[in-house]
Structures are given as structure tokens and as C-alpha cells.
């Protein structure tokens, strides 16, 4: 009976999510990203596009995966929290409506994470198969994750989140599965180089070099060229800039306000402001248990695709980090509920703000969002590269 | 006992040294950098000069509490504080900038004393004092006449006195009340912050207050009596004009891109609420805090944050310390930061460093806490090589960033921001004054700008200032001409239309190349060209032939 209730609730949540995506899609249609190709297909010089229907299914899949994962962390009925937050937040809905490739990658990442949980919880066979196969698919799909996932796995072993013994078979299977890709890459260096420069737009930005020249020229004219060479060279400026981008991925304004615009024009926040309260509380509580701290530390590699993008913060790429934020919020709620008397007011305040903003955002989307896009980008409905 | 005395003397000596160092950063060549007096400084200076000479402002009002000035209704404290400085040093750049630089310098020992009282820890207070003495945010606003800086100095002084009341000494009450009231009269942001902050502190420390009940009554009554004129001016007078002019709802980003120029009226106020939250949280953005928030360079270029980048790890450690440890004034520091950003976030700027300056002491307190913890962590590294390596690496990091800060102050700021400080106007005015007798009329165009003529300057105030024009005469003169233009003596301030004006004889025209197009001028008509430090042509001085 309990299970049926759970399934019913998940179906209800999926319906709400579907309605939300459809609603946004209807309002902003035909606003689209330029399609993103798969890593392996890019190397083979072929193109395949993800169908919008498939993306919607993956978005829904993310809700189910969040539910399955959180069942391992939270007790009943709190394990619905991450799925609710994900389903209600405009972030993924907007990205699905605009055809984001990163929703597909997020789907794969969540499966990998679920596989790792299975591994950790002793379900070795299915954990190994799921993790290795889906990781291999991910490596074939995205250049970024081709770099990030091996680093993350190394981190998982070094920080002893999962022991090498538990992880050994997965790594062997993964190497076997990705062997063809590695062979192909080793013989196609120019292709890889092209992908590298097209994905990592931050270093191809000419503005940085211009700034260095301008600054050094100005200092030289005052006889201070030597000092400028020490402190205003391209390496220092690039390091500072990357560090700034990295730091900006961790500030609340990025996630809970429209400081960074969804699809480069929207006034809807990625996640509703009311969730900021449990987020801060969760973060505060997250810092104590060492295993959670380690996972949080490891998960920060997921912001790298956004750091290496051209804009200061790329919400499309940063969606890979969204589950981390969502889990911190959920953890915050759970801890707040545990201390009911002390935090009752905060929980209430959070819910009131969320409900209020939900209505305001819906009305704003209907009334202004399309005109807003035209104001920013005129009648050109392509948002740009992903 | 002896050791304690030596330690105290050492600390005192070091604080004096860092105050002198801070004074050097604030006073050294402050007449040339910022490169020129901006429009506010010119107005402050001439209003103070007018008060000094006649007891009235330039509009002829006797000892006003709000200066109409150029229509922006300026606060009184800075202007009155300039009177002795102008009397001593004269009506010049140094006379105008002296008071702020002095307040900036004195802020260092005051902040040290405040922190020592607040945290009951001399070492952290000392670190805080050092951080303030080299703070780019504080140095920048100390180098030109700034109401916000003086108000923040008075705020620190007032809060230090206020905290001293809890020690049981009644005389601090008078000091606290005077300093905080003066701060309210000095700058707009403080008018919202101080009442909120004090109410919070009084409620947070209600148990302690019972022991100093009588002092607190004196404080409340005295403060209330002192602020009555201000309350009247804010409610029924012109003192709220500025607040109305800069309110968030007039923000261009909000009106243009959020409510789409009132496309639909419904729900605008709700959106304004979330827009405000966005603005508020933007003050915690790393680019504002550590990279380019200070606006000393052009938008989009790498400049200076309100804190140094090397302070970021200390700031983070400070927050962790604040959360985890039992810091005596934890709530006061948090309230200072959170309430302190309210006034700035309610105005129509993305991030206003001048309106948010009052949170600097709170941010530096957190940074000092973290720096102290950082030093403790580094010195607890057991491996000697690792310890030395860490110290060396961090020192290089600090040195590189300090060199960058030095270059921003000395090289990039004057080049990139000269126009904001009305660079070039002084030269044009001095030229006009030297030629004054040779012309029947001297016409100044108030619109200027290298990219476009979008800057509206106030050349008449520069003329009054640099000619030390007798305020008594100026107050009496009829300033509106029959044709509707503004002027006095043989100076006129109006837009130049060269197609019409080129036929005027015995007239000197001063304007940007936008109003005096070089290609339409004949040979010999251009008498002087005035350039900015960055090489841009700012003004042409022309006489038609």
C-alpha cells in the first residue's frame, strides 16, 4: 500500500513537471539552443540531434533518479524532497524547453551516481554494470565528462568514499568499454584539438589578451612596465578570471535569483528563493559529517564545464551541479524538521516565499517572458552554442 | 605585569606606525589622484567657502541643514567640516580633500579600539587595524571628499562609544549619541542602517542593558532630541529628494529588462521585491568583493575588489570561525553586515561601493578573525619546510596582488576613470579666467564625453571655485538670462549650437568636440585643446573669426 502511494506521488510529480515544461515550451517557443553533438560523433565528423521528446523523458527520468538516490539518504517521506525541488524549479524546465544537451548528461550522471551507491551498499554486480556501462556512454557523449569523470573516480578512491577493492571491477570494465574511444582519439589528435577549443571557450576569448596588452602598455608609459609584467601578465589574469568563475559557481545569487539569466534572458530564478533558507542551513550542517564533506568537495568538479564556458556563469552547463544544490536544500529541510521547535518559523517562511514566488513567476512567464526574449535578442530565436 | 606593559606599548607603537602608513596612503598626492575634483567635491568646496565668507550657502540660505547645491540637496556635515579646512588651506584641492583624508586616517586607530572592545582580543584588533590601513576600498574613498567615508568614521566612533556604555561609564553616552547622530546627518545610507542596527543591538543585549539603564535613557533621549530636525527634513523637507531620485524602482535594468517599460502593470511590485533580493545578494558576489567591485577601472576589465583577493581565504575562514566559535560579538558583526547592505541594495545601482562602504568594518572584522586563524594554522604546521614554503608562497601571492593594486591606483585608475572626475575642466576654466577680460561673453557647454556627450557637468561651479568668486556677489546676482540660459558675470552655461553660434563675435566657446566639431572650425579659431590623461580630446576652446 505504501509503495503504491509512493508510485502515485511520483506519477503526480512527473505530471506536474510535464505540465511545467509544456507551459514554458509553449510560451518561449521557438527559442532554442544550437544543437550539441556527441563527442564521439564529433570526432567521426557526423551529427545527431537529441529529440525534444527524448529530452523531456530524460528530465522526467531525473526526477525518478533523484527519488531513488535520496531513498538511500533520507527516511520516509523526506526522500521525495529532491524530486519535488527539481520538478518545481524552473531551471531544468527551461533547459529542456530549449533543447539542452546537458539535461541528457545530467541524466547519465545521476545513473552513474546511483550505480556508485549500489556499489557502496554491497550490490556489487548491478553497481559495477550500471556504473561502468553508463560511464562509458557518458565518456563517448561528452568531452568534458571524458576529462571530469576519471578525475572524480580517482578522487572517490583517494578520499576513500569507495575503496579501490570495491571499485576495481568497474574500472577494468570501463577501460575495456572505452578502449575503442581511446584508440580513436590517439589517432585523431587534430579532431580532439578542435573539440577542445570549441568546448573550452574561455581561453579563446581575445578580450583577455587585449586587456593584458592595454594594462602593460599603460604601465610602460609610466615607467612601471616591469611591475606590470610581474602582476598583470596573461597567466595571472587568466588564473584570476578562472578563479572568479569558479567562485561565482558557489554563491547563492547564482542559484536563487535571476542574477545569471536562464537561457540568457529570463527573469525566472533557477531555483526558488525560498529554498535559500534550507540551503544555508543544510550547508552549515553538511560541514560536520566527514563523508558528506568529502562528497561535497568531490562534487565541485561538476562546475568545471561552466567555468570553462565563455560567460561568467553558464547555467546550461552548471545544471550538472544542480543535484548537489538540491540535495543540500533537502538535507537542510530534513535537519530543520528534526529541530522543529527552533526552526519552525524558518520552515514556514521558506514555504511561504516559495509559494508566493511560484505564482509571481508563473504570471511573469505568461505575461512578459516572450517579450523579454525579443527585447534581449530581437526576433532571432537561437540562443547560441551550448 | 611588566611584560603586559611592554606588549601594550609595542601594540600602541605599531598602531601609531600603521596609522602613519595609512595616512601616507590617504594623503600622498591626493590632490592629483583622483585626477581632478569631481562635481560633488566642487560643490562641497564652494558651499563651504560661501559659508566661510558669508554664513550663507551659494543660494543665499543662512546656515542650512540641507544644501540645495545644484538641486541634489546635499547633507550638511561634510560641507561644514570643510569650512575650517578651507579657511586654513584655501579653496583648492587639498582644502577640499583634507577632511576626508584625515577622517580616513583616524579611522585606523578608531577601528582598532572598536575591535578591541567588540572582540576583547588585542591581536585580532591589531590585524583589523592593519587591514583597514591598507584597504583599497577605504583608501579610495579617503582620497577625495566623501560623505560616506566620514559617516562611516563617525559610525565606528559612535559604536565604539556605545559599546563602552556597557562598561558603566556614563560619559561615553554623550559621545555615542553625538557621533551616531552626526553620522545620520552625514550620509543617507546611515539613516536607514543606524536605527535598525541600534534597535537590534538593544534587543540582543537587553539583559546587559538593565545594568546601564540610566545611561541608555540618556542616550535615547539625547539622540532623539538631536535628530528631530532631521526627521522633520526627511518627512516634510527636501532631505528625501535624493532618496526618491535613486530608489530601486527607477533602476534601468529593472524598468527596461524586467518589467519591459511597464508592458503590463500587474505584478510589477512583486517583481521589484525579487529584483531587490537579487541586488542584495549581489553584494556577496566574489567579483564585487574580490575582483572588480571598486569600479576603479572600466566595467568588464580586471580591477580591484572592495577586499584584496588574498583576503578571500581569510574571509572564508573568518565566516567558519564566526559560525563555529563562541565569538562575543557574533550577532553584532552579522547584523552590521546584513543591515548595512540594505540601503545600498535599495538604490538603482548594480553594486554601489559608496553606499555600502559602511559594511567595511564588519567585513574587515570577519577577515581579521580569519587572518588570525590562518596565522595559527600556518604556524601549527609541524614540518618546517612546509611551513616556510606556505609562508613564502602566500607572501608572493600577497606581493603580486599588492603590486597590481598599486598599478591600478597609480596608472589605470587615472587613465580609465579621469572623465568621471571631470578631468580637463580645471584647465579649461583656468584658461577662460586668464582670457576673461578679452571677451564679451564666455560660453561653456555642460555636455561632455569622449564616447558620446552623455556627461552633464556643472562648469559654473568650477568657475566659481577656481576664480574664488565672491559668494556675496554670486548670491545677489541674477543668474537666469533673458534667453533662458544660465550665467553670471560674463560666463554663460548652455548647449552650444555651432551652426548658429559661429557667427557670434567677441565670444569664447568652451565645449567638447561633439558641440564644436573640429572639421567645421576654421584655421586659427581653435585657441586651445584640452586632452585627458588617456589621450582623449575632452575640450576645445574656440573663438569664431
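Think of each number as a place in line: the chain as shown, counted from 1.
Each Cβ is built from the backbone N, Cα and C atoms, and glycine gets one as well.
As written in TrEMBL, here are the features:
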{"type": "TRANSMEM", "residues": "A:7-30", "note": "transmembrane segment"}
{"type": "TRANSMEM", "residues": "A:50-70", "note": "transmembrane segment"}
{"type": "TRANSMEM", "residues": "A:91-117", "note": "transmembrane segment"}
{"type": "TRANSMEM", "residues": "A:129-159", "note": "transmembrane segment"}
{"type": "TRANSMEM", "residues": "A:171-189", "note": "transmembrane segment"}
{"type": "TRANSMEM", "residues": "A:262-284", "note": "transmembrane segment"}
{"type": "TRANSMEM", "residues": "A:315-333", "note": "transmembrane segment"}
{"type": "TRANSMEM", "residues": "A:345-363", "note": "transmembrane segment"}
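Long-range Cβ contacts of the transmembrane segment (A:50-70) within its own chain (Cβ-Cβ under 8 Å, at least 6 residues beyond either end) map to 10, 13-14, 17-18, 21, 35, 78-83, 86-87, 92-93, 96, 99-101, 103-104, 106-107, 110-111, 113-114, 117, 323, 326-327, 330. For the transmembrane segment (A:315-333), the most Cβ-contacting stretch among A:7-30, A:91-117, A:262-284, A:345-363 is A:262-284 (pairs under 8 Å). In this chain, the transmembrane segment (A:91-117) lies apart from the transmembrane segment (A:171-189): fewer than three C-beta pairs between them fall below 8 angstroms, excluding pairs fewer than 6 positions apart. Taking Cβ pairs closer than 8 Å, the transmembrane segment (A:262-284) reaches residues 28, 31, 33, 85, 88-91, 94-95, 98, 252, 254-256, 311, 315-316, 322, 325-326, 328-333, 335-336, 343, 346-347, 349-358, 361, 364-365, 368-369, 372-373, 375-377, 383-384 in its own chain, all 6 or more past its ends. Remote same-chain partners of the transmembrane segment (A:171-189), defined as residues 6 or more beyond its termini with a Cβ less than 8 Å from a stretch Cβ, comprise 40, 43, 128-129, 131-133, 135-136, 139-140, 146, 153.
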